[in-house]
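See structure below.
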Amino acid sequence: MGDNLKVIEADSVSYDYPDGSAGVREVSLEIFEGDRVGLIGANGSGKSTLILLLAGLLRPTKGKIRIFGREIDKKNVEEIRRKIGVVFQNPDDFLFNPTVRDELLYVPRQLEWSEEEMENAVKEYAEMFGITHLLNKPPFRLSGGEKKKVEIASVLIYKPEVLLLDEPTAYVDGKTKRLILKILEDFKGTLVIATHELDVAEKLADKFVLLNLEHRIEAAGGKEILKNEELLEKAGVI
């Protein structure tokens, strides 16, 4: 999907859940530096599973995932994961620190940023997402839209090279959705977004992978996929 450095490669990847149900089947794709890829499909097509596989958070049942040319193992897992930011569909799966400020600083503290660097970053991203007034509040007391903004801010703050997003605009109001999309449009790294919202996919991506309800790739290509109603209907998207 490009001429630059290959960032993520999936080679005939399948994943089965412990109960035997299929996550994805025989998925192969290549994502290059600077790519903006939309994983589109109906609910249950395997988009979320594929995001977790591409992030190295699940291990394939079959096939291989390579990130920056390497399979993840105990020796390189921390190094690789610091280059990748993952935004989960449900912020409650991610937010666990006592305050919003602590959420924003969780990774910077692990990376041993200076106090000045951390304070400057908190100020920048809190203002960017409109959450300055929430910095001292516990995340569990926030609304769904506020939680989503905190989650995305806490990933972007450490400037990952690759951003993997699972339904980043789900369950938010129109104003919050527009803010999130504007910020993600400005992200300069490699971006992969899983979504069933075609307008979101079209706004953030220029290359697309369509997953069908058999958990396989139905098609891959450019924005012409979004205009092919027959193909989208076959995959259960419309």
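Heads up, the Cβ atoms here are built off N, Cα and C, so glycines get one too.
Not measured: the values here are computed from a predicted model.
Copied over from Swiss-Prot:
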DOMAIN    8-238  domain 'ABC transporter'
BINDING   GLY41, ALA42, ASN43, GLY44, SER45, GLY46, LYS47, SER48  ATP binding site
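Taking the mean position of the Cβ atoms of GLY41, ALA42, ASN43, GLY44, SER45, GLY46, LYS47, SER48 as the ATP site, the remaining residues of that chain whose Cβ falls within 8 Å of it are ALA194, HIS196, LEU211, LEU213, HIS215. When other Cβ atoms within 10 Å of the Cβ of SER48 (ATP binding site) are tallied across all protein chains shown, the result is 20. Counting only residues at least six positions away in the same chain, the Cβ atoms of LYS47, ALA194, HIS196, LEU210, LEU211, ASN212, LEU213, GLU218, ALA235, GLY236, VAL237 sit under 8 Å from the Cβ of GLY41 (ATP binding site). Cβ neighbour density within 10 Å is lowest for GLY44 among the binding-site residues GLY44, GLY46.
Annotation for ALA42 (ATP binding site): same-chain Cβ neighbours under 8 Å, separated by at least 6 residues, are HIS196, LEU213, ALA235, GLY236, VAL237. Classification of SER48 (ATP binding site) by DSSP places it within a helix. LYS47 (ATP binding site): 25 other CB atoms within 10 A of its CB, across all protein chains.
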